[in-house]
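Participant: Below you'll find the structure I mean.
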Amino acid sequence: MVEFQRFLLLLCITTCILCWIPNSATAATDPNDAAAVRFLFQNMNSPPQLGWPPNGDDPCGQSWKGITCSGNRVTEIKLSNLGLTGSVPYGLQVLTSLNDLDMSSNRLGGSIPYQLPPYLQRLNLAYNNITGTVPYSISNLTALTDLNLGHNQLQQGLGVDFHNLSTLSTLDLSFNSLTGDLPQTMSSLSRITTMYLQNNQFTGTIDVLANLPLDNLNVENNNFTGWIPEQLKNINLQTGGNAWSSGPAPPPPPGTPPAPKSNQHHKSGGGSTTPSDTGSGSSSIEEGKKSGIGGGAIAGIVISVIVLGAIVAFFLVKRKSKKSSSDLEKQDNQSFAPLPSNEVHEEKSMQTSSVTDWKTFDTSGSINLKPPPIDHHKSFDEEEFSKKPTIVKKTVTAPANVKSYSIAELQIATGSFSVDHLVGEGSFGRVYHAQFDGQVLAVKKIDSSVLPNDLTDDFIEIISNISNLHHPNVTELVGYCSKYGQHLLVYEFHKNGSLHDFLHLPDEYSKPLIWNSRVKIALGTARALEYLHEVSSPSVVHKNIKSANILLDTELNPHLSDSGLASYIPNADQILNHNVGSGYDAPEVALSGQYTLKSDVYSFGVVMLELLSGRKPFDSSRPRSEQSLVRWATPQLHDIDALAKMVDPAMKGLYPVKSLSRFADVIALCVQPEPEFRPPMSEVVQALVRLVQRANMSKRTFSSSDHGGSQRGSDEPVLRDI
């Protein structure tokens, strides 16, 4: 018997070793799948960060990054947050086994292809620069459970037939420019639980959503009208920024079903399995399957069965041999017999305990049970302290130096936040121009995803901090509104718009900036940052330096907007990290997600490059070697001939060569890859001041007095001779 046991043990060890031996028989990727993946690679400009072989044809066998396979078929493509450019190509419909396509948080442009993998369960293209419309072909994705197209530039109406999308559970179309009424076919979404439609331009009513099994619905900042259906008032609902009708809603028409109860009870119940549940289960099982083991799959299964059989046989023989001896039988009865009874007793105890717990809640303390010690520790979780260092929250009072506006005042001043009053949209919300007794102000409406409605005290604290920032080149906060869960900031308004508009809009919408004005804008912005970094106490990291946040008054003086906002909003870094890849962020931000004073300096250097070249920080329409402004421009900053070719053509060659060279020297210091080599903003200011002083001395030589005006004519003679 001992020999037999040793034999079984040896068999188990041998078969386990065989299971770990790599299988040499690899199955090549399906040719259609391989061709589609290669085409995708080419359309994304062959990104080196993926590490895919340029001429490779076996993504499954070679385990390409982001590709998951089952056998020789591609089942998942997950390429999120990799800084990818280009576009999503046509021809993906051949990927008939693909169930998950995630290319979110990149810099993809173009439009959504009409032909998509037919059996997709999850499609995520959020946080890109995709334009065009939502294609009708999405109506044919009958297995779809999750669709996320949020934070793009999609336009026009939503021409999707939702009749065939009965398995859809999550729909996110937020932060686009979609228009028109909601399709009536949305009423067919029988399994939808989450829908995000905020920050679009939808019109009409939301009655079509009334009887859907929704748990979460956000329709903020659209142009919806009518009444909010009663059926939706028992869910997590966000509706601000629309033109809802006031007063009691009209009675429902005859035959209208009653408002459904909360969905949560049928979700927690057992027995039913939704397609999303089964989809996620199969996804987790298939995670990591590659076609490299496809050729030996059958052998692996057979070996596994042999191992299990050997283990079972081993314990059966061992137990049988013990029962052959009367002494061992007694010992066996003593050691093994109590085990089943203990298990049964433990099960009964658990069942009794669970029933007792329910009774405890139902009788409101009729049975007084002490909670286990671990609950006390949970009340003082270290994670809670790490999130909020202040244990005792102070009572925050509203600042006295800014005005508190009412919702009604702001609605009247902005035309109920109409599109006609919309000035722009940033990382934290939309900006509207407002009329107050002949005075024009700017109203920033903080999006609820940035600062939830219930964080009123946090908002008041943000206002208190921002209201203490006073500098001629920092946009001044003049008021706020914190009513009914809305968070709004009121700033001074600057008529000339942003630096981004001057540099990048067509000539018919803006006037070109002369060289002196560009230097003036750079110096004023540098002084604003110097104030935030080195004068303000505590120091303020702006985190969002870009030309769109540099506003210009009638004299072209710069005013840095959003100052302090990103520093005091709790989750600002996470929000701004979605914009990584815009061309403004320092290399270390892309790696760590952390913003510092030095990352502000880098972003300012990028703005100076914009002023010099007139180019965008990242432009996917240019040749690949020129798409990143910093990478393209940095090697040329110390080459005077190359530098002359970089200058914005809008200046028509009217710039002083020496001043241009010194300007480029400052840029080179600011955009150093290593943060420790970048200068503090006080040194940047001094360098720009010296540049202006030298220019002024040259101007006096030529008897010219205009050094920063917005009129080109008076500067042209000076610029030719400096």
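Any Cβ shown, glycine's included, is placed from N, Cα and C.
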Participant: Pick from 323-356, 357-390: which range has region 'Disordered' per TrEMBL?
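Facilitator: Among 323-356, 357-390, the range TrEMBL annotates as region 'Disordered' is 323-356.
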Participant: List, in sequence order, the same-chain residues at least six positions removed whose CB sits under 8 Å from that of LYS445 (ATP binding site)?
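Facilitator: The answer is ASN221, GLY241, PHE417, GLY429, ARG430, VAL431, TYR432, GLN486, HIS487, LEU488.
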Participant: Note the mean pLDDT of the domain 'Protein kinase' (417-691), expressed as a whole number.
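Facilitator: Across the residues of the domain 'Protein kinase' (417-691) the model's pLDDT averages 88 on the 0 to 100 scale.
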